[in-house]
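Over in TrEMBL, the protein carries these features:
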{"type": "TRANSMEM", "residues": "6-25", "note": "transmembrane segment"}
{"type": "TRANSMEM", "residues": "46-65", "note": "transmembrane segment"}
{"type": "TRANSMEM", "residues": "71-95", "note": "transmembrane segment"}
{"type": "TRANSMEM", "residues": "102-125", "note": "transmembrane segment"}
{"type": "TRANSMEM", "residues": "131-152", "note": "transmembrane segment"}
{"type": "TRANSMEM", "residues": "164-186", "note": "transmembrane segment"}
{"type": "TRANSMEM", "residues": "192-213", "note": "transmembrane segment"}
Amino acid sequence: MVSAEVARNIVGIIGNVISFGLFLSPVPTFWRIYKAKDVEEFKPDPYLATLMNCLLWFFYGLPIVHPNSTLVLTINGIGLVIEGAYIIIFIIYAAKNTRWKMLGVLALEAAFMAAVVAGVLLGAHTHEKRSMIVGILCVIFGSIMYASPLTIMGKVIRTKSVEYMPFFLSLVNFLNGCCWTGYALIKFDIYITIPNALGTIFGLIQLILYFYYYRLTPKKGKNVELPTVLTKNAVTSGNVSVTIEK
């Protein structure tokens, strides 16, 4: 019989794989941004929220805060690198006002994180206290990360189009929440359970919206029949001359 610890490690490894997929799921979006040299109607909110979330979970997984959390530490370290790359691309191609707003948010996140690290390490001297303080912050910002697509979901409902809410991102978001909720419940960790349970719910809502509005989304690349006008002397030596009006 598989022990609870072994089962938790197995689920944690699966969770790492799914989380890696979650971090990579916006790649098509950023390839589109790169080719267009424009962020179009995409929002930076999910990437800024995810960066903050990864910073806190990385700190939570450090041995000086919460020992034996290698799986939490590794995936969030990878997430930091990937999300940082996304944000750099977004800043490069965003409009000037959006760029400055993003830089302001990043400055606030850096200042907040520095204050958290200093406060926890200097003010809390046991693993239990450090885990509790950082865990509560992880719950708050993890919930914000999972709720950040609400701005996009609102756009989907207003425009009746899923163009700016990629299906793969919504699916992996849902699977990620399910897996990490299971991981937290095997050896109960309330700090991991709460944000990931919310992530499961928000991910499910995104999928429902996607399937509902997908059929209403205008399809690109449809052939449009343009009107044609026959020129004078249309028939000359058996050939028809056609002019296309644009």
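Cβ from N, Cα, C; glycine included.
Small disclaimer: the values here were computed from a predicted structure and weren't measured.
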Tell me, please, if the transmembrane segment (102-125) and the transmembrane segment (6-25) are in contact, taking contact as 3+ Cβ pairs under 8 Å between residues separated by 6 or more positions?
no
Can you tell me which recorded stretch out of 6-25, 131-152, 164-186, 192-213 has the most Cβ pairs within less than 8 Å of the transmembrane segment (46-65)?
131-152
With Cβ-Cβ distances below 8 Å as the criterion, list the same-chain residues six or more beyond the ends of the transmembrane segment (6-25) that contact it, or say none.
50, 71-72, 74-75, 78-79, 82-83, 166, 168-169, 172-173, 175-176, 179-180, 182-183, 186-187
Could you pull out which residues elsewhere in the chain have a CB under 8 Å from any CB of the transmembrane segment (164-186), counting only those six or more residues past its ends?
4, 7-8, 11-12, 14-15, 18-19, 21-22, 25-26, 28-29, 40-43, 146, 149, 152-153, 155-156, 192-193, 196-204, 206-207, 209-210, 214
